[in-house]
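**Student:** Starting off with a structure, shown below.
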Amino acid sequence: MGRGRRFKKLYLSKIYTFTCGKKSLFNDEHSQIGSVGFSRVVLVNEPADKFENSSENNNNNNYADNVVCSTKYTVANFLPKSLFEQFRRVANFFFLVTGVLSFTKLAPYTAVSAILPLIVVITATMVKEGIEDMRRKKQDIEVNNRMVEMLKGSGTFERTEWKNLKVGNIVKVEKDEFFPADLLLLSSSYEDAVCYVETMNLDGETNLKLKQGLEITSSLHEYDFSDFKAYIKCEDPNANLYSFVGSMEFKEQVHALSPQQLLLRDSKLRNTDYIFGAVIFTGHDTKVIQNSISPPSKRSKIERKMDKVIYVLFFILFLMSFVGSVFFGITTKEDLKNNVMKRWYLRPDDSTIFFDPKRAPAAAFFHCLTALMLYSFFIPISLYVSIEVVKVLQSIFINQDINMYHEETDKPAHAVTSNLNEELGQVHTILSDKTGTLTCNSMEFIKCSIAGVAYGRGVTEVEKAMNRRNGLEFDDIMNSPDRKAPIKGFNFTDERIMDGNWVNEPHANVIRNFFRLLAICHTAIPEVDEDTGKVSYEAESPDEAAFVIAAKEVGFEFYKRTQTSLSIFELDPVSQQKVKRTYTLLNVLEFNSTRKRMSVIVKDEKGRILLLCKGADSVMFERLANNGREFEENTLEHVHEYADAGLRTLILAFRELDEQGYKEFDAKFTEAKNSISEERETMIEEVSDNIERNMVLLGATAIEDKLQHGVPNCIDKLSQAGIKIWVLTGDKMETAINIGLLREGMKQIIVHLDTPEIRSLEKGGDKTAISRASRDSIKHQLSQGAEQLTAASGTSEQAFALIIDGKSLTYALEDDMKNSFLDLATSCASIICCRVSPKQKALVTRLVKFRTGKTTLGIGDGANDVGMLQEADIGIGISGVEGMQAVMSSDVAIAQFCYLERLLLVHGHWCYRRISSMICYFFYKNITFGFTLFLFEVHASFSGEPAYNDWFLSLYNVFFSSLPVIALGVFDQDVSARYCLRFPMLYREGVENILFSWRPIISWMVNGFISSIIIFFFCSKAMEIQAFDKGGRTAGRDILGATMYTCVVWVVNLQMALAISYFTLIQHVLIWGSIVIWYVFLLAYGAMASSFSGNAYQVFAETLASTPSYWLLVFFVVITTLVPYFTFSALQMRFFPMYHEIVQWLRHKGKTNDPEFCAMVRQSSLRPTTVGSTARRAAKTNSLSLRGSTTDHR
Amino acid sequence: MSSAGAGSTDSTAARRNTKRPKYSKFTQQELPACKPILTPRAVISAFLLVSVVFVPVGVASLLASRKVVEIVYRYDSECIPKNVTNKVAYIQSSSDKACSITLNVTKRMKSPIYIYYQLDNFYQNHRRYVKSRSDEQLREHSEENSTSTCKPEDMVNGKAIVPCGLIAWSLFNDTYSFSVNNRNLSVNKKGISWKSDRDHKFGKDVFPKNFQNSSIIGGASLNESIPLRDQEDLIVWMRTAALPTFRKLYGKIEEDLNEGQLINVTLKNNYNTYSFNGKKKLVLSTTTWLGGKNDFLGIAYLTVGGLCFFLALSFTIVYFVKPRQLGDPSYLSWNRNPGGH
């Protein structure tokens, strides 16, 4: 409460010349109120329940309530809708059709045994859908039950849930709370009803926005609202964040409303203690929810390929059925010739349509359907559901990874969607945002140049990386963020300046002015902690805060702002006493992106009028007075140095105004400010422009946009893994360039439109001429770049970096040029796009995605990255920051960029490996099983009689082979996490899709066919005709079926054991367990009544178990079936080892600590054009050793 | 200030129930695991092990198979009188089709000697055939009329056939009688079927009815006074064979036969295999622990055992002759085609 009082006298609107003080005016748009699209009527503070009778008067009731609902299903439509979703999948639909057909005479097996697996699979998927939807529901409930203070009928504010809000309610929102709905700002803790809003969730902009209520309501306070009534007419709900048209009737006067008064849901109140607002749009009518598009459903490349493989399987299935039915038709037709029966025991003379020789084509057709059902075991029915289960479990592992948990923000990694896990292992290009993603959006004052002398001994991350580059690799501890940063935003050390030593410097006077300027020229608000007397600042942007803090640390402590004055304590270096100085604030000419500078005009205690200005070098140097250029040369040099070191620079300058001059300016300025014409802004700009001239240069500041912890190292690892990194940033070219992506000697190809010709054209304003010239220029620059590349490609291992700005990008992305742009970009080692808009980010992403056909990963933190995240194959949101928009539309959320390393190299690699080997294995096991059925058919004149008992058939996919494969998909590791990180090259297996290209898929399929042939051939040959046991009885269909089935179960499970190289207890239990389950099932099923178990009745207990030939045969067949695969993989390990096998071998030999071996395995496969410090070092040593070795040879 | 205070306690509370994942070896995927890889030693020992196990087993199987004495005699062409041109018409005629053949015992056969008939090109695994039976009817007297699955051999003159269906209808009906030196060898037909079939699948109160009464006669007739569970020929026949060439147990001779003995077989060649060009064979065989005579398993064991030995040998040679660092990465796909991305 105390703070509120302190602000009370502060009319902040005065210091914002451009954004505030604008009268809300009726304009053309307002005339539309009441017409279509502008028909909303809100009765403020007349809750619906009070006016139940006079409904004509109150249509607040007709609007949606404030409940948001993001669930996919409701209780009522869950069943039909999710069933529909399920059967949209080809495979599921196929099984539905065969399930239905199995109730007809066509079925080769009983209907129940066919439909049961389908039911199991569909139920499992639906349960998963249901659980996911429940989770969404829970999130909705959490949001809907957030608390807000709402005006109750009694005239007091009481806390209530968000969901209870109705249109027309008045709410009080406190500092750092989210707005519960779209509100009309009535009044705030500031006298003039201004408030600061953080809209990061909406547009990703980190700077605070200023909103101001109508003057007429600004005086309303907590107890004035009980009899506040107003009548608002406004536009209907729409998705446009930046428009709002409405009018408010209050005290019989109509006032125009503009976006300036509208506070949007999901934005946050900052720097303001509280506001009062009237609810205008609720729930789904709010602009943010109107804006939310349903995220695109993404499917991974592997799954898309898997669909193709399934189509191949379908093709094989149809082919087999077709061939079978042709043969069946022929044999059936031959059964009856001229009324002579051939196979009389089938009674072909008296047959049903399915076996009628007289209607052989029809019989063949129906047989084809039967065969489709029979061979449907080719299509892994449980594949989809297994994959989904596996992916959910994989995401749990990702979420649980303690190494991706960020302590400070208490955020673990979170896989928002689970169906892209394996895509994480295939990333080819990373498109990264810069601010907040690579950098932590915290600005640190690190260096400055005053009077041509450079100060500051701080070392930037980039400089550190450079040091490391030069072989000084000791400062890993230094790298940690908590090195020594006692003061946030200040990392400046220089004994010449600190502790008052600046007075001894040659230009002490300039230094004093420099820091005074920093202490005065800003819009920050000080907050004095009443207990300790310490001052903290609330500023619009972190760099602004950094300046004020820097001034304070040097001894110019800004501590008080009033309406018209600024007070600072100056530490007198001689007396060591604080001297209070107060400056009268005359004008503030604030910063915006066109002006690129900000000035204040103040009057000091001596009555001097000073204009203090800070701004970008591009606009400042031209504004210096001729006599103010004393330090220009040195300063310019320092500014370039700083920019090279990745620092943000600002130029500081001042000007003394005489009384007369100021008066003239003030008159013009006031006139411009009060003008209500459309040229108001240009007028203000013009007036400001005139006064901000003839300034005297003081120096320059350098602010470090701090890279996040571990970013350089992470980028290094990722590029070792062969991943390309594109940086897409809104920042200007100079600061964007230096973020550790570039390496020494890298040639830069810069594409920009900052040429004199274009600038002169721009002044002319002929738009078509500009665009034509720009297009030509870009085309020229691109082809030049390509030439440079081709020239260099033959000669050396030269790496190139492409830097392009947003304006050029608009042209480069045009249809006729985008291909050459992309060709150039893909052959460069690193690409930086600066000054790009959110839309361009998405466009670039799409271009890269479609043109290269490789997997792209977008990573970003703000709402401006949402397009990119949704467009990329995988979107990663940074959850360590406050905004949630990026996280909401991302597929995986991590707290810090550096966790990307682990996410991709470890989890991505594993998941890719797991899923691809799992799918291959699925195909293998189903082919092994399904093809034995076909082979049996060959010996059963293709009549469609299955070799196995019905329940053996249907439980194969569900019981005897499903659990180990799920374990494979969840737990398998080729190498442990440690080695994944040590040998990033492992990741290339995913990028090149080595494990799921057609080769391994086909090999696994062939393996399946071979296994199947071996099993059938040996079993049938060995059991052919002779006595099966000592008792002389021969083996019937039941015994052969059970034996073959046993072999299949053993083989597929042992094949799994051979294929994986990672056995934990879980794998053992599941693999051996599956085999045991088969025997247990065989016993249990055989013990059931013979009416149920059919020909499997007691087949194990009575016949198989006691017969040596059964056991010998199974043993033989199982081992023999595995020999081809075993030989193949032994040969491969020996002659064509894959990278993971090399690493496995290295681990096995215990050579992982042998630097020579490691270097051989790790570096011999590095590409020359990667970025990152390792590559740099490698390039250097390689060239050295190359030189060395060539001399050795000679 | 009160609200700020509340906020700070909130945040400390939040810190206490942090979202930090719990550490466990399981969730961090660090479970102790055995990670075998295919080292040269492992490969060679695996192959050697397989051959060491397979060769003796193969030898044992082969010996067992060789110990079996088996007499196979094909009689389907021989037992048709030379002057008959239409074999099918002959076999379908009701004349007496007795035929007599002589078998030579090449090696001493120890009791029990199993008698089989072997049919060829007979699709007992045809779907129409396999499905054409009624398990309920076979099992229980009360289910006599459940013949819906038996078409077309379900009813005759509106009365249910017991046992119904094509399988029973086509019951094998050649008969054999054996004599040595004019002394009849008794053929024991008890215990030739599986016990579970007798006990649970064929009822002791189910008697054949209306069997082979329809217009076309299929195979054998059944004695209507004997319950199905004692009709073992039927039980054996009803357990359908897996492949189109099969043997079925006919009976046992529980008497040793000596080398050089001649067995005179008087058989009734009733069963029609001539329509579908099937062969008929009579088989006498002894058994061992491994069953009847089939060298296949033994040879297969020996072959694979030998193959594995050969593989072990060649791997050893390769490892010695051409040792190469397993870690040599020059074989990696991305190093083999330098241009590819």
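Using the three backbone atoms N, Cα and C, a Cβ is placed for every residue, glycine included.
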**Student:** Which range is it, out of A:82-102, A:922-942, that shows up in TrEMBL as transmembrane segment?
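**Tutor:** The range carrying the transmembrane segment annotation in TrEMBL is A:922-942.
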**Student:** Which one, A:109-127, A:309-330, A:364-385, A:996-1019, A:1108-1128, has the most C-beta pairs under 8 Å toward the transmembrane segment (A:922-942)?
**Tutor:** A:996-1019
**Student:** For the transmembrane segment (A:109-127), what are the same-chain contacts with Cβ under 8 Å, counting residues 6+ beyond its ends?
**Tutor:** 82-83, 86, 92, 95-96, 98-99, 102-103, 373-374, 381-382, 384-385, 388-389, 946, 950-951, 953-955, 957-958
**Student:** Looking at the stretches A:309-330, A:954-975, A:996-1019, A:1039-1062, A:1108-1128, which one shares the most CB pairs under 8 Å with the transmembrane segment (A:364-385)?
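**Tutor:** When the Cβ pairs under 8 Å are tallied, A:309-330 comes out ahead.
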**Student:** Is the transmembrane segment (A:996-1019) packed against any residues at least 6 beyond its ends, judged by a Cβ distance under 8 Å, and which are they?
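**Tutor:** For the transmembrane segment (A:996-1019), the nonlocal Cβ contacts are 302, 305, 309, 912, 916, 919-921, 923-932, 935-936, 1040, 1043-1044, 1047-1048, 1051-1052, 1055, 1113, 1116-1117, 1120-1121, 1124-1125.
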**Student:** Looking only at the domain 'P-type ATPase N-terminal' (A:53-114), what is the mean pLDDT?
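**Tutor:** Averaged over the domain 'P-type ATPase N-terminal' (A:53-114), the predicted model reaches a pLDDT of 76.
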**Student:** Grab the same-chain neighbours of the transmembrane segment (A:309-330) for me: Cβ-Cβ under 8 Å, and only residues 6 or more beyond its ends, written as numbers and ranges.
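**Tutor:** Apart from its flanks, the transmembrane segment (A:309-330) reaches 90-91, 94, 360-361, 363-365, 367-368, 371-372, 375-376, 378-379, 383, 919, 923, 926-927, 934, 937, 941-944, 1001.
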**Student:** Please report, as numbers and ranges, the same-chain residues at least 6 past the borders of the transmembrane segment (A:1039-1062) whose CB is under 8 Å from any CB of it.
**Tutor:** 917, 921, 924-925, 928-929, 932, 947-949, 952, 956, 960-961, 964-965, 968, 971-974, 1007, 1011, 1015-1016, 1019-1020, 1023, 1028, 1071-1072, 1074-1075, 1078, 1082, 1095-1096, 1099-1100, 1103-1104, 1110, 1113-1114, 1117-1118, 1121-1122, 1125-1126, 1129, 1144
**Student:** Please give the sequence-distant neighbours of the transmembrane segment (A:1069-1088): residues at least 6 beyond its ends with Cβ less than 8 Å from one of its Cβ atoms.
**Tutor:** 951, 955, 959-961, 963-964, 966-967, 1042, 1045-1046, 1049-1050, 1053-1054, 1056-1057, 1096-1102, 1104
**Student:** Count up the helix, strand and coil residues in the domain 'P-type ATPase N-terminal' (A:53-114) according to DSSP, in that order.
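**Tutor:** Split into helix, strand and coil, the domain 'P-type ATPase N-terminal' (A:53-114) gives 32 helix, 0 strand, 30 coil.
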